[in-house]
2 protein chains.
Amino acid sequence: MIDLNEVDEQVQKLIICVKNDTIESLKQPIKVDEKTGRKDLVTTVDKHNEQMLVDALRKIIPDSQILGEEGFGDEVKDLNGWTWIIDPIDGTMNFVMQKNNFAIMIALYHDGEGVLGYIFDVMNNDLYHGGPAGGVFRNQQKLKLPENISLKNSLIGISGPLLIENKYNLQNVARVSRGPRMYGSAGIEFIAAMNGELCGYVSYLRPWDFGAGKILAETLGLVVKSIDGTQLNMLSSSVVLVATQRASQEVIELAN
Amino acid sequence: MIDLNEVDEQVQKLIICVKNDTIESLKQPIKVDEKTGRKDLVTTVDKHNEQMLVDALRKIIPDSQILGEEGFGDEVKDLNGWTWIIDPIDGTMNFVMQKNNFAIMIALYHDGEGVLGYIFDVMNNDLYHGGPAGGVFRNQQKLKLPENISLKNSLIGISGPLLIENKYNLQNVARVSRGPRMYGSAGIEFIAAMNGELCGYVSYLRPWDFGAGKILAETLGLVVKSIDGTQLNMLSSSVVLVATQRASQEVIELAN
């Protein structure tokens with residue numbers, strides 16, 4: 001029998017350790033490699049963090065599988081039982097170029113249902129954590145549900161490639177809004193939506209980019225869907241929309 | 001005879017007061033009006049701050065003129081003698097929508113030459129200040145000159161309207177870079193360029209949007225120009241480029 005309070009406590013301790021290691025790593029030059037090209041980077045810190053997370057999470061729930069960005073986990077084919085989805089550095093480009101605006105993310109799913117999510121905004125030293133059972137917290141402070149703001153009265157996060165290439169009519173979505181914003185990290189943009197700073201965020205994301213954010217955002221009453229309005233497949237990449245109820249309807253209508 | 005150290009000390013005290021009032025104002029609902037339309041806002045806080053700045057700056061240098069966003073200053077027709085250029089809230093849209101990512105800015109020019117600049121990143125509680133005589137500081141810490149990074153190896157800030165409408169070929173500029181970013185406040189994006197987080201920033205700006213940033217950025221070896229490569233007219237609006245030497249050449253070439 002899994003004690004989720006105990007699991008939560010251990011994961012919080014773990015993510016703080018990984019965060020501390022990450023800050024320490026910024027004091028030295030970071031070794032950077034390209035993955036699929038010059039806009040898709042990986043560093044020794046991504047790899048170190050993922051290894052550390054994988055080793056510890058396996059101990060926290062021994063009978064669990066782990067889907068991680070850098071491949072130190074398992075080849076996950078379904079979400080039966082307990083599954084961790086982890087991003088050791090979300091926003092690696094920002095991490096390398098800015099030493100700012102990046103996150104560490106952990107999600108725990110059980111039989112496909114989100115249980116616990118963690119997004120650590122490292123440079124602001126803010127851990128967003130929680131899940132459907134207990135609500136969402138920024139550090140020790142419980143977050144209120146964000147207001148159900150409409151697209152035309154608020155700002156929206158849109159990723160660079162989608163906006164530039166006008167995929168899904170997103171240039172028009174931006175025009176209808178009060179303005180687009182672009183921070184370069186899914187974790188940081190999920191946080192902005194959860195804080196009510198954006199009515200939503202649209203980007204092409206992989207499971208580790210949205211695994212934790214989906215649990216936290218849905219707990220706060222936000223909608224997390226594919227841009228075509230369908231449910232997300234947790235094991236594949238999609239253009240993901242997180243938004244307030246109102247903004248999600250408006251964006252999906254404009255985008256399809 | 002003006003004692004610039006004395007002036008600097010008084011302006012730092014003043015901008016801290018205005019910052020404190022601004023944070024206090026966030027605890028109450030803020031009265032918002034549209035200026036030219038729903039994407040151009042002004043609040044009672046912009047007006048309060050500008051009145052406070054105008055009153056105090058007139059005392060700090062009695063024989064000075066003041067160019068301010070909200071019109072509480074003077075009708076400034078030339079930059080002869082001492083001129084203050086002030087933005088009581090830069091990024092008013094962010095201020096209203098996010099309560100985050102906005103700045104208070106003050107610049108002092110003498111016979112058209114930048115002397116002292118101040119950008120207060122309110123929510124991070126960071127005051128960037130200084131000028132050509134003494135260098136640029138974040139609070140008490142002197143900033144190093146940012147690395148002369150090239151466009152293709154770094155991130156660039158581009159304002160929403162310019163990127164969406166592909167003005168000056170800026171979609172291609174974004175594609176050549178490692179990625180565009182969009183924060184919605186000139187002050188916050190000047191800071192990102194000064195910290196080396198962006199190789200540059202392009203936006204349509206009015207004098208109070210770039211008055212302080214120009215002084216600080218140029219002191220740090222960055223180029224601040226019109227996007228066509230010409231010198232800025234300090235009394236009119238332009239599409240402004242702030243960038244490293246390298247990135248400025250690359251952007252101007254791609255944009256013209």
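The backbone N, Cα and C atoms fix where each Cβ goes, glycine too.
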Pick from B:E69, B:E70, B:E113, B:E189: which one does TrEMBL list with B:D87, B:I89, B:D209 for the same Mg(2+) 1 site?
B:E69
Could you round the CA separation between B:D209 (Mg(2+) 1 binding site) and B:D90 (Mg(2+) 2 binding site) to a whole angstrom and send it over?
7
Reduced DSSP assignment, B:D209 (Mg(2+) 1 binding site):
helix
Here are some binding-site residues: B:E69, B:D90, B:D209. Which one has the most Cβ atoms within 10 Å of its Cβ?
B:D90
List the other residues in this chain whose Cβ sits within 8 Å of the Cβ centroid of the Mg(2+) 1 site residues B:E69, B:D87, B:I89, B:D209, in sequence order.
B:D46, B:I86, B:P88, B:D90, B:G91, B:T92, B:M105, B:A186, B:R206, B:W208
